Every structure is written in structure tokens, then in C-alpha cells.
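*Asks:* OK, TrEMBL features for this one:
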- HIS3, HIS149, HIS153: Zn(2+) binding site (BINDING)
- 23-41: transmembrane segment (TRANSMEM)
- 48-68: transmembrane segment (TRANSMEM)
- 80-99: transmembrane segment (TRANSMEM)
- 111-131: transmembrane segment (TRANSMEM)
- 151-167: transmembrane segment (TRANSMEM)
Amino acid sequence: MSHTLSCYNSSFRNVFSKLDYCGISVLITVSFVPWVFYGFYCDFKIKVVYLTAVCLLGATSVVMSWWSKFSKPQWRPFRAGVFMTFGLSGLVPAIHFGVREGYRNVPAMEALGWLFLMGFLYVIGALFYTLRVPERFFPGKFDIWLSSHQIFHVFVLAGTLVHYQCISEMAMQRMVIGQCDINQDDGQDINISHYYENLLT
């Protein structure tokens, strides 16, 4: 919508570019939810801490997206930095997940590999966007096709598909494992998990 309506007038361009940045913030926020849910399935308290943190970061990014200066061209590196920092904050729960599960847990390491690949694709896309490669080296040659913004979107799409693969594998693994160990944690997780499962059935 932002790219389609940006040529209509400056008011439309400003509103829809802000909505575009809000969409990026929402995408990053909701991409955390399923893998934190499955990764810390039996650790309710840890799950709540990470999901609360990511929702607060997401809300902050959305609020910043409506700040008028945020959409100005000179703030392009700052925008990319905000979204990259927000996305890279996922390293904290990812490393926690990897350390907790251990390198011998093959399904967990596969999931972690998918997560790191997703993050890598997002970062590469953001670098193309920030550095304006290739058009900075060949002015006017990439005005219609293969501009940095288009390359950025291709990397984001690839990262989203990798994320989908990761979540699918984590969900299947959770189905194979079944319920949480009754002795794990303090037992409250089991009761809460059953409570939510009963609500959904």
C-alpha cells in the first residue's frame, strides 16, 4: 500500500509510510511469539518474561514509527538500526534456548539453525536497504528493477519462509514429545498449559 499510494500526494505518502514501518514492527513482534511459545513450552514464567519484553519492544517500535522525523530520508540508517536492534534482541531467548536444550538435542539445534538463518537473511536485507546497494554505485540504473528496497523485500520474504519452516518443525516436535514432564519446574506450567489447551478445544 505504501509504495502504491506514495505518489498520490505527500499526505498519503507520509501516512502510508508510517503504516509500512508499523507493519515491520508488527511482523518482528509476532514472529517472536510462536517460536518462544514452542521453545519454552514447559517454562511458563520464562515464556511470559520473553513475550512481555518483545511486546514492549514492539509497542515502542510502533510508537516510533508514528514519529514524523522517523520517516525522513536522513533518518534511514536510524530506522534500519531500530528494526535490526529489535530483531537481534531475539538472540537473547535464542541463546537461552540453545544453552538449555544442549547441542545434543538435534531437533532443538535444527530449530535454532533455522532461527539464525532467518536472522541472517533479515540482517542482509537491512544492510542492502541501509547502504542503498547497488544504486549508490550505479545511479539511475536501478530505478525500476533490483533497487536496494526491492532486494530488502526479497530477503524479508525469504526470512519469513525460513521462519515458517522453523515453526512448523518446532510444532511437529512438540506433537511428538507430547505433554510436559510433570516433575519439570514447579508443576504450575502443566496446570496452566492444560488450562489453555482446554480453552482451545
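The backbone N, Cα and C atoms fix where each Cβ goes, and this holds for glycine too.
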*Asks:* Which sequence-distant residues neighbour the transmembrane segment (111-131)? Criterion: at least 6 residues beyond either end, Cβ under 8 Å.
*Replies:* 31, 35, 39, 76-77, 80-81, 83-84, 87-88, 90-91, 94, 97-98, 101, 148-149, 151-156, 158-160, 162-163, 165-166, 169-170, 173
*Asks:* In sequence order, which same-chain residues at least six apart have a C-beta under 8 angstroms from HIS153 (Zn(2+) binding site)?
*Replies:* GLY125
*Asks:* Name, in the order they occur in the sequence, the residues of the same chain whose CB lies under 8 A from the CB of HIS149 (Zn(2+) binding site) and which sit 6 or more residues away.
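*Replies:* Result: TYR129.
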